[in-house]
């Protein structure tokens, strides 16, 4: 259907009501001469520069974080004289804390500082922690003489203090950088937000690849003192990139103590529900606030069943790593870093995201078969369960051929299987594929289902599921050790896994994941998605493009209700509906 418009004044008046001049100039192609058009450079350069700086900040921050955790267990056992099982516990508690703290990071940003200041302040704390990390690894005798060494207890003190500060820093950034980046594109509509989160996750994993392949090799082969300097430099670069575009960001100010009001609304409820908390019924809180709390509480059951997924995910840096140490790492005449298998998790993510974003999801959208956020998350859970089942099968075969000669890693000797460490590729690849579905879709779900003023807290809650997952994984280990003992051959998780039955632990984790998936599917089936509010609906509507013909020589695509000028004259346009 084509609608001919001859009078431009009513259309122009409608345009003034719906768009600012910035909206038009950033969306409309620019006519450069008769019959030629080009994309407005202010759109491509300004928008890409802003979003690019957020993505590069996240890349450098994730490179920093994964450089810290890549060989955390190996550093504990080789430098700090900590047992393998205790090192795994430290790893799980640290990883858990990193993702619990975003609850408070989101609260601080929403209530007091705003997202920009929360990210920058957390980055400064992060840097202080990263200064202490190489201090725990330096060979003081080599640098300052035999009488200037420090004790193992002092090194452990530096190390633990560093982990605490790093957890605070990364937790504050994690809760806010995703929503902050999405704010930069949300006026382009929900598809732009979905695209941002996909590429946001893609950049995270580019940082992870650099950390696991490059930085991990430096730590293992050169030394942890040098290897821990790299994440410090990376985090400083992240802060510089983030600050450079401060004046160009679209940033919302803090909106008051959202978490405190949320608790207040919950405390004001009774058996009749939330009505007593509303202003209309004599309560202290606006309808918007009460409805926001209800929206977040509706999301919590979904989040609850994501926790087990993250318990499985945490195995990559713990039980999978312990398995890697005891497999053949030789390639030709050299050794690969033990942590290098993590890059197969990230490679599959980097490969799958563009495929899903550019081909699979658009195709499913066209045939009206596009999976919902929760359906995608469920697919990821199945893949995660498959990963630990594969790890259990590999563990059985790995232990059938243990070399008595052993291999040395960072000064520690391990009796390793003759099976190549690259036999772990399937389990890491399955975890990576699961992230594309569960983690990315979960981030988007948390963002889209929360009111704007509670997005920081809601994203923090989603990230907290990862942290709680780390704690749950640690709890499972404690229960397993309590039931099976810590001594081989009956223990499912002894200090030396060559002598135990760790394959049973992997199978147990897989079964727990499948049970969790069934419960998640029930919750997902009954979940009702939050409808867009009026403003969001208008944004979504306004970003639906229309094909416009100016004359036989010029054809462009512009947003609905836009007047086009050509050679400084208003032109009649034909809009194809």
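Counting starts with 1 at the first residue shown.
Keep in mind that glycine also has a Cβ here, set from the backbone N, Cα and C atoms.
Values in this document were obtained by computation on a predicted structure and should not be read as measured data.
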Range among 437-460, 461-484 that TrEMBL annotates as transmembrane segment: 461-484
Annotated transmembrane segment segment (source TrEMBL; candidates 264-287, 408-431, 504-527): 504-527
Correct range for transmembrane segment (source TrEMBL, candidates 226-244, 245-263, 530-548, 549-567): 226-244
Any contact, the transmembrane segment (199-219) to the transmembrane segment (334-356), with at least 3 Cβ pairs under 8 A: yes
Long-range Cβ neighbours of the transmembrane segment (334-356) (under 8 Å; 6 or more residues past either end): 66, 70-71, 74, 198-199, 201-202, 205-206, 208-209, 212-213, 216-217, 219-221, 316-317, 320-321, 324-325, 407, 409, 421-422, 424-425, 428-429, 431-433, 435-436, 440
Feature contact check the transmembrane segment (118-138) with the transmembrane segment (226-244), CB under 8 Å, 3 or more pairs: yes
Recorded stretch that, among 118-138, 158-179, 504-527, has the most CB pairs under 8 Å to the transmembrane segment (461-484): 504-527
